Amino acid sequence: MTNTRKSHPLIKIVNHSFIDLPAPSNISAWWNFGSLLGVCLGLQILTGLFLAMHYTADTTTAFSSVTHICRDVNYGWLIRYMHANGASMFFIFLYFHIGRGIYYGSYTFMDTWNIGVLLLFAVMATAFMGYVLPWGQMSFWGATVITNLLSAIPYIGPTLVEWIWGGFSVDKATLTRFFAFHFILPFIITAMVMIHLLFLHETGSNNPSGMNSDSDKIPFHPYYTIKDILGILFMMITLMTLVMFTPDLLGDPDNYTPANPLNTPPHIKPEWYFLFAYAILRSIPNKLGGVLALVLSILILMLFPILHSSKQRSMSFRPLSQCLMWMLVANLLILTWIGGQPVEHPFITIGQLASVTYFFIILILMPSTALMENKLLKW
């Protein structure tokens with residue numbers, strides 16, 4: 001008689017995905033971030049659901065309802081801060097996950113990679129709309145500034161902005177629709193994650209060497225289930241330390257002031273995980289140019305499979321490319337720092353240089369260095 005997990009129509013899908021899945025024997029801790037992102041998504045949906053039970057999407061009561069959650073709801077403060085800091089953890093893991101993909105050449109799985117980039121856009125949209133919901137000063141002005149960027153689109157721009165706002169400014173209609181989208185998007189993301197995994201399981205996982213590992217596979221369970229659980233444990237320790245000791249460390253103090261359309265905060269800036277893109281946006285003095293640079297800074301990820309010019313898949317055995325990879329990481333950290341600084345000298349110049357360097361490394365230095373390495377290896 002066949003084992004139920006191998007014969008049951010539903011359980012066998014789980015079995016082929018998480019239990020009997022043949023996995024490379026040498027994947028490192030960099031391959032833990034996929035499962036950590038899955039746990040983060042589950043945690044965000046769960047905490048978000050409980051927050052939605054007490055939140056009211058109305059301009060007059062939104063701010064008060066968040067205060068009510070923190071003060072009066074049983075463990076409301078815990079749920080709220082787990083949700084807010086969970087988003088930060090989500091993005092840390094996302095960036096590590098993408099960085100891993102770039103370093104080890106995982107982008108050669110083009111279907112998996114492209115749906116991953118779309119997932120990144122969906123998560124960024126969800127996080128942006130979630131930041132608007134507490135209806136603090138930074139929520140309101142962040143929403144105003146970012147939605148206003150669409151007015152740079154020729155011809156249809158201004159109409160499009162008013163259509164998204166549901167009026168002539170960010171108001172009640174905007175908040176209500178942002179709540180609706182913020183609620184539904186995580187479920188769409190979950191469906192996209194399933195497609196992401198479907199494409200991944202068509203090819204099997206990549207590994208640090210970048211070589212085919214069909215000759216050396218091990219079952220996912222128990223080897224990688226236990227490894228994932230260890231990763232989840234570390235994640236929960238980090239998250240709960242953040243939530244319990246410094247819950248507002250990554251937030252903006254301005255968001256503890258209720259939204260006021262008549263008073264602009266001195267420095268409008270998004271959450272830390274968008275600062276690199278915000279710095280690129282601000283570095284171009286033209287509105288449309290800035291918006292294009294902003295979109296391209298993320299969309300450029302889709303070019304990685306096309307720009308790959310090395311005969312080797314991974315960067316594991318390519319020291320020059322490794323140097324460039326870490327230059328790119330340092331560059332992104334500089335952009336993140338600049339995004340949080342006021343628009344004044346010398347930050348403007350640093351931001352412009354870092355923005356140019358970002359595109360220069362990806363579009364020119366990385367492919368040309370890969371070609372040079374091929375030559376050095378007489379390939």
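Quick reminder: no glycine exception, Cβ is built from N, Cα and C everywhere.
Feature list (source: Swiss-Prot):
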BINDING   HIS83, HIS182  heme b b562 binding site
BINDING   HIS97, HIS196  heme b b566 binding site
BINDING   HIS201  ubiquinone binding site
TRANSMEM  33-53  transmembrane segment
TRANSMEM  77-98  transmembrane segment
TRANSMEM  113-133  transmembrane segment
TRANSMEM  178-198  transmembrane segment
TRANSMEM  226-246  transmembrane segment
TRANSMEM  288-308  transmembrane segment
TRANSMEM  320-340  transmembrane segment
TRANSMEM  347-367  transmembrane segment
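A map of Swiss-Prot features onto the structure.
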residue : record                   : Cβ contacts under 8 Å, 6 or more apart
HIS83   : heme b b562 binding site : GLN44, THR47, GLY48, LEU51
HIS97   : heme b b566 binding site : PHE33, GLY34, LEU37
HIS182  : heme b b562 binding site : GLY48, THR126, MET129, GLY130, LEU133
HIS196  : heme b b566 binding site : THR112, ILE115, GLY116, LEU119
HIS201  : ubiquinone binding site  : HIS16, SER17, LEU21
Query = Can at least 3 Cβ pairs under 8 A be found between the transmembrane segment (77-98) and the transmembrane segment (347-367), with each pair 6 or more apart in sequence?
reply = no
Remark   = Same-chain residues at least 6 beyond the ends of the transmembrane segment (288-308) with CB under 8 Å of its CB atoms are 98, 102, 105, 107-108, 110, 113-114, 117, 120-121, 124, 149-150, 152-154, 276-278, 280-282, 355, 358-359, 362-363, 366-367, 370
Note = Long-range CB partners for the transmembrane segment (113-133) (under 8 A, at least six residues beyond its ends), listed in sequence order, are 55, 57, 62, 66, 87, 90-91, 94, 98, 101, 106-107, 139-140, 142-143, 146, 174-175, 178-179, 181-182, 185-186, 188-189, 192-193, 195-196, 199, 270-271, 273-274, 298-299, 301-302, 304-305
Inquiry  = Within the same chain, where does the transmembrane segment (347-367) have neighbours whose Cβ lies under 8 angstroms from its own Cβ atoms, ignoring anything closer than 6 residues to its ends? I mean 6 or more beyond.
reply    = 279-280, 282-284, 293, 296-297, 300, 303-304, 307-309, 321, 324, 327-328, 331-332, 334-335, 338-339, 341
Query = For HIS196 (heme b b566 binding site), what is the secondary structure by DSSP, using just helix, strand and coil?
reply = helix
